[in-house]
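Feature list (source: TrEMBL):
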ACT_SITE  A:GLU320  active site, proton acceptor
ACT_SITE  A:HIS321  active site, proton acceptor
BINDING   A:TYR122, A:GLN184, A:ASN207  NAD(+) binding site
BINDING   A:SER230, A:GLN252, A:HIS255, A:HIS321, A:ASP354, A:GLU408, A:HIS413  substrate binding site
BINDING   A:GLN252, A:HIS255, A:ASP354, A:HIS413  Zn(2+) binding site
2 protein chains.
Amino acid sequence: MKITRLSHQKVSLRRSIDTGTTEQRNVVQSIIQDIKENGDSALFSYTEKFDRVSLSELRVLESEISQAYKELSDELIGIIREAAANIRSFHQKQKRETWISYDEDGTMLGQKITALDSVGVYVPGGTAAYPSSVLMNVIPAQVAGVKRIVITTPPTKQGNLPAGVLVAANELGIKEIYKVGGAQAIAALAYGTETIPPVDKIIGPGNIYVALAKREVFGIVDIDMIAGPSEIVVLADDTAKANEIAADLLSQAEHDKLASSILVTPSMKLAEEVNAEVVKQLSTLPRKEIAEASIDIYGHIYVTENLSTAIATVNELAPEHLEVITEKPMDLLNEIKHAGAIFLGRYSSEPVGDYFAGPNHVLPTNGTARFSSPLNVDDFIKKSSIISYSEKAFYNNASKITKLARLEGLEAHARALEERLK
Amino acid sequence: MKITRLSHQKVSLRRSIDTGTTEQRNVVQSIIQDIKENGDSALFSYTEKFDRVSLSELRVLESEISQAYKELSDELIGIIREAAANIRSFHQKQKRETWISYDEDGTMLGQKITALDSVGVYVPGGTAAYPSSVLMNVIPAQVAGVKRIVITTPPTKQGNLPAGVLVAANELGIKEIYKVGGAQAIAALAYGTETIPPVDKIIGPGNIYVALAKREVFGIVDIDMIAGPSEIVVLADDTAKANEIAADLLSQAEHDKLASSILVTPSMKLAEEVNAEVVKQLSTLPRKEIAEASIDIYGHIYVTENLSTAIATVNELAPEHLEVITEKPMDLLNEIKHAGAIFLGRYSSEPVGDYFAGPNHVLPTNGTARFSSPLNVDDFIKKSSIISYSEKAFYNNASKITKLARLEGLEAHARALEERLK
């Protein structure tokens, strides 16, 4: 890994966002148009073209779910249930309630909280079809109270879906699962087809075509943030163990050649030890090729003047995952401004949060932790303002409001109040 | 207005979203590129081209603000202050706090709440440069704790800004105001120039070029929902007064020829009376031409079988503004699922909320109240998950987590935990 001594230079994780080539944008626009016009028949033909399988049904059958259970051990199913319970428990603590406040003059103001009616979860295909993604995307929506939750995911060439994904979905009670991927899945979720009724919000990661399609339908439906490559930043001091940090950096690097693994430390000794451990541990990893490419290009160790400048560097990076492995990690929490998830102490290794502890693993990437949050229950509710003005409040304030309306040249606004004064 | 008897047919407010022509998209992309490359000098030249004024400074001077105060009466300034206090009070009730929960095994999990560092508010020019927009966009960000809040707005041909906008901004303590409009303003806020440091989030409405630029920079910065034309739906029964409803419908219609004003009522008598009143009141409005075009094309009265089907129609419409003027409006609140702001009772005329009561007037349009909320304090904070696993929790759960990691084929994830078991 590159080791850089930082004194006052600024660092950034931000990479330019892939908004697609003109050709890719045109392809996505024409797919969306085709789905709007031709519905299911267009879905079948894109599935044949892109996923190389000719399906007779888009929707997953009960028999496929029973089959999936046979492929997983009872122990694993039990662990999936326990993880789901932990995730549910953490998200239940986020629930918010409608509130109304009462003024002395009889005015009532408030916020009414309502769950979205329907949500579509896109689960990518191939090696990225993770059961944990199903749990992390579906459970917050369920806790919010969303009634209809749909999963779409591309089928294999044999027309199947991964057993882990089907079991995780079934454990959560999700019955509406479609074998559709790509931009065509996003178009179907946004506009609906004969088989797939439209949803109000689409979440979940995908390739560039999926990301571009989400950008296109944003406004017709809501979408989540468009995810970039994954990152980890470890903030550590001399008390940390190099082998543990190296292993955590590699767990990020194995995701993707574009993933970024960074250590920020005031200790040159730790920096050098971690670097040596990364080389050693890398050699025996099954996904060595991916992890090595990631570490070579996007791996970095920054050695800072002291712990305080190390924290400043972390805030500049605004990482998706931040591990704080220092003598007193909890003491630093207040100074950390920008991070998707903050893992405190040596026992809070990132995979603990990826799978099991309860907080969401869908996190803001590419420095967007400056303004975005982990996926959470608020993403599946909306608020309506409540305004109930009393007669007294109205008579006390009507003339002020008409003056503001006339300052803005909106006479009909002023007259709407004056009709009530007649 | 068109009067339609509804029995079981569905209705919708949704209109297709204007995502621009290819030419418009290309113009926006080239403006953004130009600002990225040439900064301030490109800003000056676009301002000359589009706003037809040659500026010597982008930033508003103290002397311009003092001048603006001379143009407004003390009474009006006092009313602006009172409105600001009401808006601040309502938004303060939305504030959320960091929380941490403790498990028996020593695990700590939680959500850390942090304000965004910086926000840019786009205020459109011309007749739509409203002081109330400044209050409604800036105050929630201030309540959230955002330190740096910037306003950009296009200058007039004389190089000025409207006095009301400058006074409202100054009353809130906003010192960073730039005379820049259009796609170039959005690009400057997202990427920064010599004079304008970049921000983390851009909010506020604008024309098609502003909207397209916001779509382009989404991901580099956060944006708010892209607003469509404004709408009001009035849900009323026989107890409502036709002249008041007509006046409220017209207050919406005067905004924009594309605005939509709708009455939903089980009473044909009320429908006919409101229709007659709209014609009568329209004739003397200063913005008659705009209001008339809006009423003719997008105005509608739906007469339903009963109050319950009227509510179902309202939920299908998911209006931006909903007035409930019935015998017992509060009793219907629970049944209303989708609306940006709900105005209850005859004294809660929409302009009360537009200017003064306290809830935000930036609301989800075009049926997006199905999944979006009024602008609120949550739009200016982000959450970081906190995960602190205890030694005990780690040893109890590590082997389960490694099994989940291996189910997903992520060996380095499993080994990250096993390094700690050595």
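Cβ coordinates are placed from backbone N, Cα and C, and glycine is handled just like the others.
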Which of A:GLN184, A:ASN207, A:SER230, A:GLN252, all binding-site residues, has a Cβ with the fewest other Cβ atoms inside 10 Å: A:ASN207
Residues A:TYR122, A:GLN184, A:ASN207 [recorded NAD(+) binders]: greatest CA to CA distance in Å: 12
Those recorded positions listed as A:GLU320, A:ASP354, A:GLU408, and which of them has the most Cβ atoms within 10 Å of its own Cβ: A:GLU320
For the NAD(+) site built from A:TYR122, A:GLN184, A:ASN207, further residues of that chain with CB within 8 A of the site's CB center: A:PRO124, A:THR152, A:PRO154, A:GLY181, A:GLY182, A:ALA183, A:ALA185, A:ILE186, A:GLY206, A:TYR209, A:VAL210, A:ALA213
For A:GLU320 (active site, proton acceptor), the one of A:SER230, A:GLN252, A:GLU408 that lies nearest, given that the binding-site residues are compared by Cα: A:SER230
Near-B candidates in A:SER230, A:GLU408, A:HIS413, the binding-site residues, by Cβ under 8 Å: A:GLU408, A:HIS413
Residue among recorded positions A:GLN184, A:ASN207, A:HIS321 with Cα closest to the Cα of A:ASP354 (substrate binding site): A:HIS321
A:SER230 (substrate binding site) and A:ASN207 (NAD(+) binding site), Cα-Cα, nearest whole angstrom: 14
Residue among recorded positions A:HIS255, A:HIS321, A:HIS413 with least C-beta crowding, 10 angstrom cut-off: A:HIS255
Integer Cα-Cα distance in angstrom, A:HIS321 (active site, proton acceptor) to A:SER230 (substrate binding site): 8
DSSP-derived structure type at A:GLU320 (active site, proton acceptor), helix or strand or else coil: coil
Rounded distance in angstrom between the Cα atoms of A:HIS255 (substrate binding site) and A:GLN184 (NAD(+) binding site): 26
